[in-house]
Amino acid sequence: MKLIMAEVFNSWQGEGGSVEGSAFGRRQIFVRFAGCDLNCIWCDSREFIDAYKVLHWRYEVEPFTGKFKYKPNPASLDEIVDAILWLDTGDIHSISYTGGEPTLQVRPLKALMEGMNELGFSNFLETHGGLPELIKEVAHLTDYASVDIKDETAKATEDWKSLVLHEIESIRILKDAGAKTYAKLVVTKDTKIENVRWYASLLKGLAPLVIQPREPIDISQPKLMEFYREAALIMGRKNVGLSFQVHKYLNVL
Ligand SMILES: C[S@@+](CC[C@H](N)C(=O)[O-])C[C@H]1O[C@@H](n2cnc3c(N)ncnc32)[C@H](O)[C@@H]1O
Ligand SMILES: Nc1nc2[nH]cc(C(=O)O)c2c(=O)[nH]1
Ligand code: SF4
Ligand SMILES: [Mg+2]
């Protein structure tokens, strides 16, 4: 089975904050799939979005060195498993499957998650949640999941309200399968409070929410705190947290 891979690297999970299901600050091996069907204007992985343009994938030969070995795409599953095991520093909390959008290559994703599960690793799925039918294929193999709620200002797709409803459906599927799941909302200076209220009302009683400023940060602190308070008033004060992309401040992958 072949797949179009972007990169495999060992780092700390830099996102998720402290809500239930977050792996923030834990060591992870990241498996970044190439290809995405959305187009978030602030995406920091844009170079990997068009899978056909990702002719090579890379893995970091030693964590935090920024030294990579490059291999041609498509990759074989064995090559990816070998790279993961090569990067296992013995302190790994879980394997993070991210991208691009990992669920778009759901067959190799599922095979990888099965294989890593058999090798004793926990599986962490980082997904836009827009494809619940594909989430169904891997939910039973998912130990932790971070599901984005794509705010209107992400301009991820034309019909953004339907995308949000699909994301909520994906969260429900993952929770029903026993995955520790939280929602991640990237906010910008233009995010509307009425939309934050809508997301919070959809998430109430379903899953906790982290609010993550878009990087580079353009939102004011008072506005960020207003979004937090409104969401907490709706969802309950223990079900909302902040998340920042800390790895960018640590200058690590
Ligand atoms: C690159 S995406 C890949 C996984 C999946 N496609 C998704 O969007 O959830 C991984 C995470 O990075 C976040 N992210 C990407 N670019 C960002 C930025 N400029 N500021 C804040 N978060 C960002 C996304 O919101 C998502 O939670
Ligand atoms: N350190 C680190 N933490 C992360 N959390 C989510 C990431 C992602 O791109 O999926 C990411 C990433 O790219 N690096
Ligand atoms: S869904 Fe994820 S990978 Fe795709 S454009 Fe948005 S942030 Fe980037
Ligand atoms: Mg990232």
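Keep in mind that glycine also has a Cβ here, set from the backbone N, Cα and C atoms.
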Listed co-binder of substrate (same site as W12, Q13, G14, T98, source TrEMBL) among R32, R46
R32
According to TrEMBL, W42, C43, D44 bind S-adenosyl-L-methionine; so which of G100, G115, G120 is the extra one listed there?
G100
In angstrom units, rounded to an integer, how far apart are the Cα atoms of C36 ([4Fe-4S] cluster binding site) and G100 (S-adenosyl-L-methionine binding site)?
5
Long-range neighbours only, meaning 6 or more apart in sequence with Cβ under 8 Å: which ones does S45 (Mg(2+) binding site) have?
A6, R32, C36, G99, G100
For T98 (substrate binding site), the spatially nearest of the binding-site residues C40, W42, D44, using Cα atoms, is D44
Beyond the listed site residues W12, Q13, G14, R32, T98, identify every same-chain residue whose Cβ lies within 8 Å of the center of their Cβ atoms for the substrate site.
S11, E15, Q28, F30, S96, E126, H247, L253
Not counting W42, C43, D44, G100, residues with a CB within 8 A of the CB centroid of the S-adenosyl-L-methionine site are C40, S45, R46, I49
